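Student: Could you have a look at this structure, given as structure tokens, before my questions?
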Amino acid sequence: MTTIATDPPRNGPSPLERSYSRLGMLLIAPTIVVFSAVIVYPLLAAIYLSVFSIYTPTLEGEFVGADNYIEMLTGGVFWSSLLTTLIWTVGTLSLQIVFGVGLALLLHQNIWFRSLARSLVLFPYFLSTVVAVLVWRWLFNDLYGALNHGLMQVGIIDMPLDWLGSMPNAMIGVILVGAWKYFPFVVIAVLARLQTIPENLYEAARIDGAGPIARFWDVTLPQLRSVLTVIILLRAIWDFKEFDLLYLLTGGGPVTSTQTLSLLVYQEAFSLNRMGQAAAYSVGMMLVMLVFMILYIRRTKEES
Amino acid sequence: MKSKMLRPLILNLVTWSLVLLISFPLLWMIVTSLKPQTELFRIPPTWVPETVTFEHYWRLLTETPFLTFFRNSVVLATSTTIFVVGLGTLGAYSLVRFRFRGRETLAMLVLFTYLLPSVVLIIPLYLMMVNLGISNTLFSLILAHTTFALPYALWLLRSFMEGIPDDLENAALVDGASRLGAFKDVIFPQLLPGIISTALFTFILSWNEYLYALVLVNSESVAPLTTGVMTMLISAFNIEWSLLMAASVMMSVPLIVVFAFLQSYLTSGFGAGGVKG
């Protein structure tokens with residue numbers, strides 16, 4: 001290699017650099033066009049629609065100003081739905097984290113048929129929510145469901161439970177299914193991180209006389225801290241906006257006791273036919289989520 | 001040293017019983033799909049089927065529109081994947097390897113949309129499809145799937161692209177290659193594993209999507225598996241669980257195939273896309 005001069009002298013962008021940046025913009029242009037058409041435009045349209053009152057079947061409506069937002073803030077539906085969303089998110093997320101970290105620790109050990117065990121644990125995450133819901137609705141079936149009979153055979157309950165039709169069982173049910181479906185994400189992420197913890201940290205702790213539990217608190221957990229923050233933020237965002245699982249398991253019922261914000265927006269737009277009000281709810285929901293989103297985006301920026 | 005022998009045994013027992021507990025719903029799905037109708041409503045249920053039958057699978061393929069749904073899902077997920085990964089590869093190359101104004105803002109916008117809830121976009125998208133006269137077509141669903149698949153693929157490909165050392169491309173440029181030439185000969189082969197795993201993940205996302213299909217499509221001939229199979233549950237007077245479980249198994253077969261391919265990419269793909277950022 002005899003060529004050395006790759007960078008021209010640094011006084012302003014060279015013609016080559018300028019042509020590169022033009023090429024760069026050309027390559028991203030198709031993405032930007034599609035992005036604007038299917039994401040940015042609908043996003044702005046949602047905000048625009050939220051100040052109208054639109055009847056879904058005819059799509060006709062009129063300008064109502066802030067009425068939809070006043071209804072949102074004073075109507076009570078939004079707030080009770082927000083509370084339901086928070087209960088669901090906190091409940092399912094904590095189970096996901098506890099089981100996810102626990103199973104990652106177990107699957108990190110040298111067990112028999114480790115890769116088979118890992119695949120079996122990860123599979124629910126890749127499954128369609130529709131499949132997960134069908135299987136669980138069959139398991140939850142009050143007459144012939146395996147869950148009730150299994151619990152009765154073990155002796156935990158004496159009578160079959162109505163899992164999805166009454167409260168608080170319905171909320172417990174959706175939280176359980178959500179945890180089952182999404183905890184593998186935590187397993188994958190934590191496992192990947194566990195593999196990078198240097199072994200000598202454990203050696204040092206052992207020499208200092210730390211037992212397995214002390215080693216977990218003093219070595220493993222601090223090492224997992226940053227990855228756990230990211231997982232919690234990301235999963236909180238995803239659980240908060242979850243639609244399929246709740247809609248298909250309970251449809252928001254009984255009555256509205258599992259109706260999260262995503263379901264409320266859908267219901268308002270396509271069952272109650274009030275599209276403008278639904279758009280206002282969706283904007284409100286986005287504003288709540290924005291807090292988490294900004295935290296996550298900030299974090300990602302810091303790391304890169 | 002009895003405890004030295006005992007510890008691994010207990011560890012294995014605990015881990016494997018948890019693993020089996022977690023996979024029980026899926027085993028139960030398979031067991032149910034193989035039971036004859038008469039055995040299904042036995043109380044208490046038979047944990048291992050007494051007779052094994054494939055009649056539900058046969059009925060699913062011959063008496064229901066399952067194959068139409070399946071074909072629609074294949075077309076939908078494949079087109080979305082090709083469209084999005086094609087755009088995303090060029091876009092990610094540009095975002096990582098070129099300097100231009102607004103590049104950082106754009107990257108953050110991608111991340112923002114990656115986290116956006118679908119229900120915010122669904123109302124305007126529905127109106128858009130109705131106004132364009134393309135509602136109730138597979139094409140409208142492909143466009144709708146782009147809203148979550150494109151940010152996802154871009155973000156994932158971006159982090160794969162960042163893993164390729166600059167030196168390789170610079171060396172090719174020094175040797176006289178153009179940027180696009182260097183992309184074709186140097187970057188693309190290096191990025192290929194990343195492109196494949198992004199494509200597989202995108203395929204899974206699109207294959208499993210429900211909400212857009214629910215809102216944008218309402219005729220059986222264009223419905224994908226997710227909404228199609230759910231209508232089989234809702235329209236039936238008495239729910240035929242074994243048929244539905246057979247449908248669930250068949251619906252998951254492509255995912256098992258993709259999953260087998262993904263094994264080696266799992267940690268890298270997920271690590272890169274979801275967590276490391």
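Using the three backbone atoms N, Cα and C, a Cβ is placed for every residue, glycine included.
In case it helps, TrEMBL gives these features for our protein:
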TRANSMEM  B:9-31  transmembrane segment
DOMAIN    B:70-262  domain 'ABC transmembrane type-1'
TRANSMEM  B:74-93  transmembrane segment
TRANSMEM  B:105-126  transmembrane segment
TRANSMEM  B:138-157  transmembrane segment
TRANSMEM  B:186-205  transmembrane segment
TRANSMEM  B:211-234  transmembrane segment
TRANSMEM  B:241-262  transmembrane segment
Student: Considering only Cβ pairs under 8 Å, which range in B:9-31, B:74-93, B:105-126, B:186-205, B:211-234 makes the most contacts with the transmembrane segment (B:138-157)?
Tutor: B:74-93
Student: Quick test of the contact rule: Cβ under 8 Å, at least six residues beyond the ends. What residues does that give for the transmembrane segment (B:241-262)?
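Tutor: Residues 29-30, 32-33, 35-37, 40, 56-57, 59-60, 64, 66, 70, 74, 196-197, 200-201, 203-204, 207-208, 225, 229, 232-233, 269.
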Student: Counting only pairs 6 or more apart in sequence, are there at least 3 Cβ pairs under 8 Å between the transmembrane segment (B:211-234) and the transmembrane segment (B:105-126)?
Tutor: yes
Student: For the transmembrane segment (B:74-93), name the stretch out of B:9-31, B:105-126, B:186-205 with the most CB-CB pairs under 8 Å.
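Tutor: Highest pair count goes to B:186-205.
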